[in-house]
C-alpha cells in the first residue's frame, strides 16, 4: 500500500529512486477508492483446488477484491460438477462487455499439444485480445504464460523430453522493481512443465522485461513494459503437496515418472514435503495487486477500455 507523507519530505526523492510508491498529501486528499474487480479464467481440471490456491493469495492483500470465476463457452470440463460450474462460474460471452481491473489466466494440462491443436485455442486467443482493451493488468500462469507470449509476441516455446519438475532456486534481477519489491536475492518456486521459452528470445523483445529466473528454469517472471501483462512460468500458488499428487498420478501412468527435484525431504517420496515458497507467493501477488492493479487502474472502471492509467511502473 502507498505511504502518505508531506509533499516536501526530503526522503521522497531517494525512495522514488528505489521505485517505492510514496503518495504526497495533496494527492491523498483527493484519492478515490473502490473494490477491485478481478476475474479468474480457470482452465485447470480441478476447479475447486485451483480456486482455493489463487484466492488464498489474493486474500492476503488489504485491498477488497471482488472475484468472478470465468469459464469458456467452447469447452466443457469432464472432471467437474456442472452444478458447481453453473452456480459459481460465468461464461466469457456473458462478461465480454465488462471491464476488469485484473484478470488471472491459469495454466492448463496441455503440455504436449501444439497451440493450434488446442480445442479452445480460438476462444482463448480472443480472450487475450479482449483483455488488452478491457483489463488493466492480466497475469498469465504456466501454460497460459507460454501461450500468451506466443500469441502476443510470437515467442515460441520448446517442448523438452524431460519434464522440469521440482522446487528450484531463482534469482531476482530487479531489486527495486515494483513487482519484485521485497523479494529476497534468491527464492524458491515450484515448476511442473515440459514447455520452455528461451530467455534470449524474451530479451530480444523490446516490449518485455525478465524480472526473475535461473539457469535451470529459464525465465520465471516476465512482464511487458507497462505492467498490463505479467507472465509466471512456475506455480507459486501450489500447495505443499501439489507436486506430490502430480508425481503419484504420473507414477500410475509410467514406471519412469520423474521425481520432483529438491522437494521431498531426503529425496524420500514417502515423506511429507514442506511449503518453502509461500512467502514469495504472497509477496508476488500482493505487489501485483498493489502496483499494477490498484495503483494503476482508473477509479471509473469504464475508462479501462480507454487505457487511462494513473501510474506506469516500467523497470
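Placement of Cβ uses the backbone N, Cα and C atoms for every residue, glycine included.
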Which one of these stretches, 249-271, 272-294, shows up in Swiss-Prot as region 'Disordered'? 249-271
Given that Swiss-Prot records 192, 249 as binding substrate, the matching residue among 163, 216, 223 is 163
Compared by Cα position, which of the recorded positions 111, 142, 163 is the closest one to residue 235 (active site, proton acceptor)? 142
Taking the recorded substrate site as 163, 192, 249, identify the other residues of that chain whose CB atom sits within 8 Å of the mean position of the site's CB atoms, giving them in sequence order. 165, 243, 246, 247, 250, 257, 258, 260
For residue 163 (substrate binding site), the one of 111, 142, 237 that lies nearest, given that the recorded positions are compared by Cα: 111
Using other CB atoms within 10 angstroms as the count, which residue among the recorded positions 163, 235, 249 scores least? 249
Check residue 237 (active site) against DSSP and tell me helix, strand or coil, would you? coil
For residue 111 (site 'Important for acyl-CoA specificity'), which residues of its chain lie six or more apart in sequence with Cβ-Cβ distance below 8 Å? 143, 159, 193, 194, 195
